[in-house]
Amino acid sequence: MTKYIFVTGGVVSSLGKGITASSLGRLLKNRGLNVTIQKFDPYINVDPGTMSPYQHGEVFVTDDGAETDLDLGHYERFIDINLNKYSNVTTGKIYSTVLKKERRGDYLGGTVQVIPHITNEIKDRVFRAGKETHADVVITEIGGTVGDIESLPFLEAIRQIKSDVGRDNVMYIHCTLVPYLKAAGEMKTKPTQHSVKELRSLGIQPNVIVVRTEMPISQDMKDKIALFCDIDPKAVIEAGDADTLYSIPLDLQKQGLDSLVCSHLKLDCREADMEEWKELVKKVKNLSKTVTIALVGKYVELPDAYISVVESLRHAGYAFDADIQVKWINAEEVTEDNVADLVQNADGILVPGGFGDRGVEGKITTVKYAREQKIPFFGICLGMQVASIEYARNVLGLEGAHSAEIDPSTPYPIIDLLPEQKDIEDLGGTLRLGLYPCKLQEGSKAYQAYENEVVYERHRHRYEFNNEFRQQMEEAGFVFSGTSPDGRLVEIIELKDHPWFVASQFHPEFTSRPTRPQALFRDFVHASLKTSEKL
């Protein structure tokens, strides 16, 4: 029978529930179990697709095209699994489904209420996640903080699940904070006690408490937490600050978290073999080289907006024993006069995805500098589009060339709406989303990277290269090295007479793994290292 683990958070947000859940998932997978994982977000948006990155950080896209919380990126990278649309559920999605059922008459004229209709729909999403993936264990992270009004239906639903499937098949893990008061020189357990009290008032008794702390906690303090929260002292797990996120699974294993879980859920499985993971952590902590990548974007004040890009760069760096230093550059501040100073000492330049006109001219200026100065360049999504616009303007001489998204009246719409997007009015969930095939041109840098004729990558875009300009650009030396199998859509562009200048319409950052870097990121970092004469 499928087992269910629920991870909740208390005291404050951003305690690392997602990393805790991901790390546990990795440990259980390495015990030979089939694990899936999901995130419940209490906000009323249907998904984060239309939310500002400043509000929510990166939007992570799954193979089946779901626009999801950035925690799913952590889940995929840690556990090395591909998730689906059932892995991220929001209040908005739940209510939308229930209201559609009510309009269809599915409730036979009954009064639709939070209990049982909303809670039943939430429970259905938990059970469906396990059924769709044939999982031995489903890990569900509940977003927000215990005590928030928005989280109550989710907490009630996971309380009911224990009755539905039996206490031996459900486990509750609560993440809390033990703050250190510098003035008093003391750590305080009272916030944790009150958070657990709040959780218990809702009918949920945690089986494990993961204590987030910046200072080591004593056994006496663990015993105190265990006494007041009514759990075994061995079930108080310390989660201190880590040098690298990837060491956290090993820290949790050392404290026996996975053994506690297997014992409680009566899972008969082998010990987790973490030797490969230990080698990864050893490598990460002992990198001997450094490469600097200038990341030119519009949301650089919030690095979480590009978290998968940065992690993918790091994964690529690990393959070459290199520590990646990201130089954050606000695209709005880039001009012809200062671009050289801004990207000074950068071994490579990366322009990531984005929407809207803010910072676009700065990105175009950056691309021009990378092209002319022969600096390794990697463009992603909008990064590919601005690379195409820059070439049209400055090599073909098409003055005023632009994207129809930014300048609808441009005489040369190098980037235009996808044909199927012409009559769409809604912004949410209407992009070209998810995994699509890309056919590569033999002999190209893209082909060298993938060593494959057809590859599959995840997309999130509405605009595409305009084929009216394809022949003209090709004749001027622009290489279309990746297209959809029918040749209709441009997926990858590159330049011949350049050390490494490649840009993709898709988002390769969503498929990178710490032990298996994504091919284009790997070759971009390799080219950056070679250029800096560090390899």
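Numbering starts at 1 and runs along the chain as displayed.
Placement of Cβ uses the backbone N, Cα and C atoms for every residue, glycine included.
Binding of ATP is attributed by Swiss-Prot to Ser14, Leu15, Gly16, Lys17, Gly18, Ile19, and within the candidate set Asp69, Asp71, Asp80, Asp106 the record adds Asp71 to that site.
Considering only the binding-site residues Gly16, Lys17, Lys188, Pro191, no residue lies within 10 A of Cys381 (active site, nucleophile) on a C-alpha to C-alpha basis.
Put plainly, the recorded positions Leu15, Ile149, Cys381, Leu382 were compared by Cβ crowding within 10 Å, and the winner is Leu382. Ranking the binding-site residues Lys188, Pro191, Gly383 by Cα distance from Lys17 (ATP binding site) puts Pro191 first. The recorded positions near Thr189 (UTP binding site), taking a 10 angstroms Cα-Cα threshold over the set Ser13, Tyr54, Lys224, Gly383, His507, Glu509, are Lys224.
Summarised as a single figure, the pLDDT of the region 'Amidoligase domain' (1-267) averages 93. The Cβ neighbour count for Gly18 (ATP binding site), using a 10 Å radius and every protein chain shown, is 24. With respect to their backbone Cα atoms, Glu141 (Mg(2+) binding site) and Gly18 (ATP binding site) stand 7 Å from each other.
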